[in-house]
Amino acid sequence: MQVTLKTLQQQTFKIDIDPEETVKALKEKIESEKGKDAFPVAGQKLIYAGKILSDDTALKEYKIDEKNFVVVMVTKPKAVTSAVPATTQQSSSPSTTTVSSSPAAAVAQAPAPTPALAPTSTPASTTPASTTASSEPAPTGATQPEKPAEKPAQTPVLTSPAPADSTPGDSSRSNLFEDATSALVTGQSYENMVTEIMSMGYEREQVIAALRASFNNPDRAVEYLLMGIPGDRESQAVVDPPPQAVSTGTPQSPAVAAAAATTTATTTTTSGGHPLEFLRNQPQFQQMRQIIQQNPSLLPALLQQIGRENPQLLQQISQHQEHFIQMLNEPVQEAGGQGGGGGGGGGGGGGGGGIAEAGSGHMNYIQVTPQEKEAIERLKALGFPEGLVIQAYFACEKNENLAANFLLQQNFDED
């Protein structure tokens with residue numbers, strides 16, 4: 001029989017296989033024909049008629065119609081991501097030994113093993129760093145020689161804005177952004193994805209709720225449809241936030257990436273847990289969480305901004321997508337806590353973007369120059385609502401062309 005397979009990214013291909021074979025045999029054939037990197041057997045989930053196919057069951061048992069298709073969903077293995085923080089800590093050892101003899105030489109050598117530790121290897125905090133490295137020597141010792149060879153190209157972006165390094169830096173940031181947003185869909189792609197998932201037998205309302213709870217991540221949305229939306233995310237999937245709340249927090253989004261850029265290097269070296277855990281304590285991240293929960297379509301723009309200001313953070317997000325989405329899905333603090341966090345974000349934004357806050361977290365007023373007001377008016381003249389225009393304009397760092405492109409890509413046929 002010939003099985004038609006379709007990915008959530010709209011890729012379609014066919015596999016010839018005996019119906020007596022098991023589902024696992026089909027997965028192995030997909031891996032052999034499409035590549036182990038893109039379709040590993042362990043990461044494949046095959047879905048037909050709204051059900052996940054069991055590995056040990058024969059294909060004929062599912063009565064697959066050759067005119068229909070089987071959805072193939074690939075999840076990334078978690079073993080790859082868990083090794084990253086270990087190698088990052090381990091590779092700090094050679095940089096700290098260099099510091100003790102010559103601080104000047106450390107500046108040239110430290111970035112090569114690990115960009116995350118380069119800013120903190122020169123100050124007097126090298127002793128704790130070396131202690132951390134020596135506490136976990138054995139597991140990653142074999143991989144240490146390979147890591148320095150892979151990362152030097154990204155290091156100049158973090159440590160030096162020299163013009164000669166702009167080309168590799170831009171390309172690396174672009175690749176990181178593509179990795180971080182590869183699983184997300186917006187605009188017309190969103191509508192196509194809704195239709196695609198509905199063809200699996202689900203109602204439109206169910207699909208939209210699942211996509212909302214997963215921040216438009218189609219892989220996760222299908223999992224929610226199959227397994228059920230977790231209880232802590234159901235209210236977020238069903239309840240639509242008031243438009244005022246969206247426009248209230250969004251102008252502070254540039255401060256989110258800027259604050260993260262100034263804190264990431266020092267925090268990741270001292271954190272003993274997950275590389276992204278330090279974000280929980282950042283008021284700016286709490287505001288970002290509120291913004292994204294209210295308007296998930298802004299996530300790609302915010303990731304792009306983070307990629308420009310802090311490629312290292314974007315790399316961590318790309319390597320730990322599931323954990324990052326989980327953190328974004330966590331409930332936002334109550335009104336009192338939000339008010340305090342809003343004040344901190346407003347202060348940070350006031351220095352760089354001219355954002356001023358009025359009241360106790362209920363309304364934020366934005367100070368704009370006449371030129372910025374004209375740009376906002378021009379975007380409104382394209383036919384977009386003022387609230388969405390302000391969101392896009394500030395999320396795109398006041399870049400009028402980028403904001404216009406962002407707005408044109410969005411789907412405004414929602415509630």
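A Cβ is built for glycine as well, from the same backbone N, Cα and C atoms used for every other residue.
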Annotation match for phosphothreonine in Swiss-Prot, from Thr87, Thr186, Thr264: Thr186
In Swiss-Prot, the phosphoserine annotation, restricted to Ser100, Ser174, Ser235, Ser318, falls on Ser174
What Swiss-Prot calls phosphotyrosine, among Tyr48, Tyr202, Tyr224, is Tyr202
Report the DSSP secondary-structure composition of the domain 'STI1' (274-317) as helix, strand and coil residue counts. 38 helix, 0 strand, 6 coil
By DSSP, how many residues in the domain 'UBA 2' (370-410) are helix, how many strand, and how many coil? 31 helix, 0 strand, 10 coil
What are the DSSP helix/strand/coil residue counts across the domain 'Ubiquitin-like' (1-79)? 20 helix, 25 strand, 34 coil
